[in-house]
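K.L.:
I am attaching a structure below and will ask some questions about it afterwards.
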Amino acid sequence: MEHTQEHEACLEQTQKYCVERPIYNQEILQGQLRRRERTPQTLREAFIYSSCSSKKAKSHLYSFLPILKWLPRYPVKEYLLGDIISGISTGVMQLPQGLAYALLAAVPPVFGLYSSFYPVFLYTFFGTSKHISIGTFAVISMMVGGVAVRQVPDEVISVGYNSTNTTYASEYYSDRDFKRVQVAVTLALLSGIIQLCLGLLRFGFVAIYLTEPLVRGFTTAAAVHVFTSQLKYLLGVKTSRYSGPLSVVYSLVAVFSKITTTNVAALIVGLTCIVLLLIGKEINLRYKKKLPVPIPMEIIVVIIGTGVSAGMNLTESYGVDVVGNIPQGLRAPAVPEIQLIPAIFVDAIAIAIVGFSMAVSMAKIFALKHGYTIDGNQELIALGICNSVGSFFQSFSVTCSMSRSLVQESTGGKTQIAGALSSIMVLLVIVAIGYLFEPLPQTVLAAIVMVNLKGMFKQFGDIAHFWKTSKIELAIWVVAFVASLFLGLDYGLLTAVTFAMITVIYRTQSPQYRILGQIPDTDIYCDVEEYEEVKECPGIKIFQANASLYFANSESYTSALKKKVSENSCVWGGRGPTLQKYWLSFSFICLLSQSNDVEGSVKHEIANDELPVNGKSLDELEHFVEPKTNIHSLILDFTPVNFVDSVGAKTLKSIIKEYKEVSVHVCIASCSGPVMNELTRLNFFDNTVTRELLFHSIHDAVLACQVKDRSASQTASDL
């Protein structure tokens, strides 16, 4: 293998890159190329094609219902066993997490089971990822719980929600819990509708604004929120639940102010469960290659905790809070409380975007690993259907769970069948054996939640990583973490996204500027300050900025250009003493002052060559300032430029005009087709600025400038 690679490297070194062709500017190139003729479609033709094509209709149907595409070709012998094992393993994990995350959502545990069944089953039909596990997730559950507590605080006993199911509420759980359920399911309906609309409008790209540092900082702060909210269950103390800004601080103060009332029995049970779960996770991690399936420690802990609680009667004897009544069977569908929508609309947007971001990021990881593709817009549609339809069956907002997805993938899951089987396991618990978990202590669920936060808390290591790699990404992480921690998850997310956008603006306003030079005897041009072998072409400056040219950075582009061009060069064409004195004094003043304002005033004041500058005449300045390299051409490398707006076009035109006045020829190299089309639309080209100034490559521009300079020199010598 190594010998083959060495042989290929030797062949590459011996090959010669020889191309002989004319110098191309855009005027010549466009004249030699023939554009493809495109007949524009009429509206009637477009409508007929889009609506009547059977192939198009079939494609849309397969896109909306991916199961129709993969299920008929499902290889039963190869995939079924792996999907069954994966589905059972994920379902065993789904059950305790559904119960536990319901506490985070501030609703009775049975609603966590509903949320672990309906959305998961629906995703089988509409989702494009074969490996992610949809269902309850700590961050989303925490956000739902914050909204529910804000709308129905602990102190509120009766709120005017017009519900037709108050009999059911009074029979199974308190009026306050029932009202929080209504908030949670309405939030699921609204967030699902938002996701569905974004998906249908092809807005899957919104996830790109949630960069990895932002998501990791946000989820780390959410982990702190979740951990803090579970302390009262672990300690067995009675405190109010807080939401909104500084809720973490209020929760900690409330818990520690009642630390003396800790229920010792609850604490012992909770700590024992934490130790068992940590040991189980460590065994699974260390021996994952030897174990056929991970040890389901969560369900084991739930079973042990339920058995101990029932056997020792922890509720009666020690006052340990338990899960309580779990109604048997499924509930009839009901319409959520529509009148709540105005009060929770902003929260629904945040939950919709965060939920989609979590799901699509995990889906992309598994798709890349296993060599298939996912459709971001269809994932939005799938999540939207899962949340909106599930809300009619009393489920709250869901998304992808990272821990369950890893289990589903690592235990041999091949398709969405594994997720469907896990949801069926939850269904069996709901309709048959749910009542067995009624004695389960809440401290056990708190232990499950806390241990599952271990991976999120490891994200504090991102600080050291981003410190080494990127200070801007570190700033995004820190802002996302601090804002989400102290302002709440909703306002924190908004603050973090705003800050991330500001960093993008900052980067485009502060690009890197370079002067390029030629690697001798090649057509390759690199930064002259970076490599010793790279030399500037005599009389030619090649300027590059690694950003587009638009209103936000046009001024800095002009300033950097003047600064870079004036370094080690004297900008005049050698055609007249007035221009020579003008630029000689200008270069001297620029060395004395770096201020843009001074540069502007100098340009204005030295229009008269008899005017003294800093107390010295131009003749005296000419004596003291050593003349530098004379340049006759300036090439602007547009390779990194993606777009130009009207301000950028005017700036570009101004640069060409200013340098032309001092006999410096300006041309543009490597301008892409879209940028050239934008310049055309912006009326950039006219009699003075033609497409002859645009060249296909830097080397074309350099050769053209050299030819132009030799021609000008020959003309001058003939005169």
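Every residue, even glycine, has its Cβ placed from backbone N, Cα and C.
Copying in the features that TrEMBL gives for the protein in this structure:
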{"type": "DOMAIN", "residues": "530-705", "note": "domain 'STAS'"}
{"type": "TRANSMEM", "residues": "99-126", "note": "transmembrane segment"}
{"type": "TRANSMEM", "residues": "132-149", "note": "transmembrane segment"}
{"type": "TRANSMEM", "residues": "183-210", "note": "transmembrane segment"}
{"type": "TRANSMEM", "residues": "248-279", "note": "transmembrane segment"}
{"type": "TRANSMEM", "residues": "291-312", "note": "transmembrane segment"}
{"type": "TRANSMEM", "residues": "340-360", "note": "transmembrane segment"}
{"type": "TRANSMEM", "residues": "417-437", "note": "transmembrane segment"}
{"type": "TRANSMEM", "residues": "474-506", "note": "transmembrane segment"}
K.L.:
Sequence gap of 6 or more, Cβ distance under 8 Å, 3 or more pairs: do the transmembrane segment (291-312) and the transmembrane segment (340-360) meet that?
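P.N.:
When sequence-distant Cβ pairs are counted, the transmembrane segment (340-360) does not touch the transmembrane segment (291-312), since fewer than 3 lie under 8 Å.
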K.L.:
Do the transmembrane segment (99-126) and the transmembrane segment (417-437) share at least 3 Cβ pairs under 8 Å, sequence separation 6 or more?
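P.N.:
Yes; at least 3 Cβ pairs under 8 Å.
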K.L.:
Check the transmembrane segment (183-210) against each of 248-279, 340-360, 417-437, 474-506 and return whichever range has the most CB pairs under 8 Å.
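P.N.:
Per the Cβ under 8 Å count, 340-360.
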K.L.:
Need a quick answer: max count of Cβ pairs under 8 Å to the transmembrane segment (417-437), which of 132-149, 248-279, 340-360 is it?
P.N.:
132-149
K.L.:
Please report, as numbers and ranges, the same-chain residues at least 6 past the borders of the transmembrane segment (340-360) whose CB is under 8 Å from any CB of it.
P.N.:
129, 132, 134, 137, 139-140, 143-144, 146-147, 151, 161, 182-183, 186-187, 190-192, 194-195, 198, 204, 206-207, 210, 215, 218, 374, 376, 379-380, 383-384, 387, 397-400, 402, 489-490, 493-494
K.L.:
What average pLDDT does the predicted model assign to the domain 'STAS' (530-705)?
P.N.:
72
